[in-house]
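Single-structure report; data block below.
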Amino acid sequence: MLGDYGSAIVYYDGVICQINKYTKQLDDPCMKGRWHACTRSLQDELEMVKEIEKEIQLIKESSPMKATHEASSHLTPSSGQFSPLPPQCEQHQTPPTLITHTPRGIERRASEPVVGDAHRGDLRGEDVQAMDPDVWQPPPPQRAIPSRTKPKASTVVPVNSSNSGLPMGRLRRANSTGHKGVQPKVDTRRGRDGRRDTPGQEYEGPDEDLVALLKRDILDTSPGVTWGEIAGLHEAKRVLEEATVLPLIMPDFFKGIRRPVRGVLMFGPPGTGKTLLAKAVATEAHVSFFNVSSATLASKYRGESERMVRCLFDMARAYAPSIIFIDEIDSLCTSRGATGEHEASRRVKSELLMQIDGCFGHNVEPGQHVMVLAATNFPWDIDEALRRRLEKRIYIPLPELGARRDLMHISFKDVDVAEDVDWDELARQMEGYSGDDITNVCRDAAFNGMRRRTAGMSLEQIRNMQADAVHTPVLMDDLVEALARISSSVSKADIAKHESWKGEFGSV
Ligand SMILES: Nc1ncnc2c1ncn2[C@@H]1O[C@H](COP(=O)(O)OP(=O)(O)OP(=O)(O)O)[C@@H](O)[C@H]1O
């Protein structure tokens, strides 16, 4: 994050918040102390980063007149039209943008569909007058979700793009609905079963940088996890399949009262496979998968988070059918009105709720919807309105006996295991372990053979060893030893809390 201190602060805040939450569940005072020390050193670093950011702000703010002049020279409020392109726009052939003040200084308001003279009238006078030049304002709420098969009369303007390796000279549309997003190119490649083989649309949003960022960090067109790689959780898989995969395969059945659910919440202790399930859903349903963590969406700058949420849903609609997976949703959507709630956080929640509602408007074609899949380890912290929209709330528990045994087999699928391993006995001993804990035990045991072979050897001797000399089968003793070293990371109190919440709010 060198140089991008604003984002760095968000990441620091997010990590510190997660560590604090995690530390609260720990019983072992020694581990607690170590995590506290870690948090303290992160906080020290954070203070330093904040200082640097403050300095940068001061430097930026020291020439406000120049900025105001620059902004006003590209916008003529009385006419509600743009003045000629600023030189840098002409040079790079990018669409003209409004330039407004943001808490970070000057920033493009890159949200209007204005491309060429034909669209200058799209920016109405009242839009311009409503703009306070000193405050960044999000663009007005989206008016319509564009239909991809029957585009309204629109002007198509070829543009050159400089971002994210997208093809040059793509078609951009600014349609008559005033929708600010740009129509995606539709890829009609479909498999024999009617499902699309690869999500093949290209999307150019109004804010190229943000779209590039979301594409790079968040869009995952082939998560590559299959149901077979997930041990146990049969009920969760069934519910997810019914809620997410079937509506895409049989869109005509899932209409009216049978419409697909707007969102699904997976809750449960950490490391039980929620993220894996989300990825498997995306793979099995052949949809575009937007994998977002709340830390990415949580920006302390007014308007930025909303802008990101809006852009994310815009993109998801362009790549529809798609799934937006929001991990750790509790840190983004704590109860509204809670003490200490920040105005910016309230606004981002409202935007998220609005966007989720927009996913199933009357103008969304069957089978082309966007679904929100969320995960949390703290379901009791989630805002009520959001809870209502996440219509299916599935408990993802610790693995049962059979699942623990299957998970060990999955973990060792590429490793030789000795005949003496007693899977049933190990599975019994791992009661209370999460899937992640079990994977850790297996990983640790898989290293034991190498440890035995290399004990007492110098680095030079190890370097000269044949590579396959360290490949020894995993023994029962290795697993027993690893099990003695690694304890369960989930407390009984945490399980009890989840089960009680499931009793009250669970919905399958
Ligand atoms: N049911 C499972 N089947 C196979 N692997 C599992 C399962 N549950 C957990 N794992 C292992 O644990 C790791 C972590 O799982 P995952 O990230 O999906 O958990 P999570 O519930 O999303 O955790 P968190 O709540 O902390 O984000 C996986 O990479 C996988 O190795």
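For all residues, glycine too, the Cβ spot is worked out from N, Cα and C.
The annotation region 'Disordered' is assigned in TrEMBL to 62-205.
The feature compositional bias 'Polar residues' is assigned by TrEMBL to 73-82 (among others).
Residues annotated as compositional bias 'Polar residues' in TrEMBL: 90-100 (among others).
The annotation compositional bias 'Basic and acidic residues' is assigned in TrEMBL to 104-127 (among others).
Taken from TrEMBL, the feature compositional bias 'Basic and acidic residues' covers 186-199 (among others).
The domain 'AAA+ ATPase' annotation in TrEMBL covers 260-400.
Sequence annotations record features per position, and here TrEMBL assigns ATP binding site to Gly268, Pro269, Pro270, Gly271, Thr272, Gly273, Lys274, Thr275. Cβ neighbours of Gly271 (ATP binding site) (same chain, under 8 Å, six or more residues apart in sequence): Ser434, Gly435, Asp436, Asp437, Ser489, Val490.
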Worksheet, complete the sentence: Among the binding-site residues Pro269, Gly271, Thr272, Lys274, Thr275, the ones with a Cβ under 6 Å from any atom of ligand 1 are Gly271, Thr272, Lys274, Thr275
Worksheet item: On a count of neighbouring CB atoms within 10 A, which of the binding-site residues Thr272, Thr275 is highest?
Response: Thr272
Item to complete: Would you list the other residues of this chain near ATP - those whose C-beta lies within 8 angstroms of the C-beta centroid of Gly268, Pro269, Pro270, Gly271, Thr272, Gly273, Lys274, Thr275 - in sequence order?
Response: Ala375, Asn377, Ile396, Ser434, Gly435, Asp436
Item to complete: Taking the Cβ of Gly268 (ATP binding site) as the reference point, list residues of the same chain whose Cβ is under 8 angstroms away and which are at least six residues distant in sequence.
Response: Lys274, Asn377, Tyr395, Ile396, Pro397, Leu398, His498
Worksheet item: Sorted by position, what residues of the same chain at least six away from Pro269 (ATP binding site) have a C-beta under 8 A from it?
Response: Asn377, Pro397, Leu398, Ser434, Val490, Asp494, Ile495, His498
Worksheet item: If you draw a 10 Å sphere on the Cβ of Pro270 (ATP binding site), how many other Cβ atoms land inside?
Response: 16
Worksheet entry | Cβ contacts of Gly273 (ATP binding site) (under 8 Å, same chain, 6 or more positions away) | Ile230, Ala231, Leu233, Ile396, Gly435
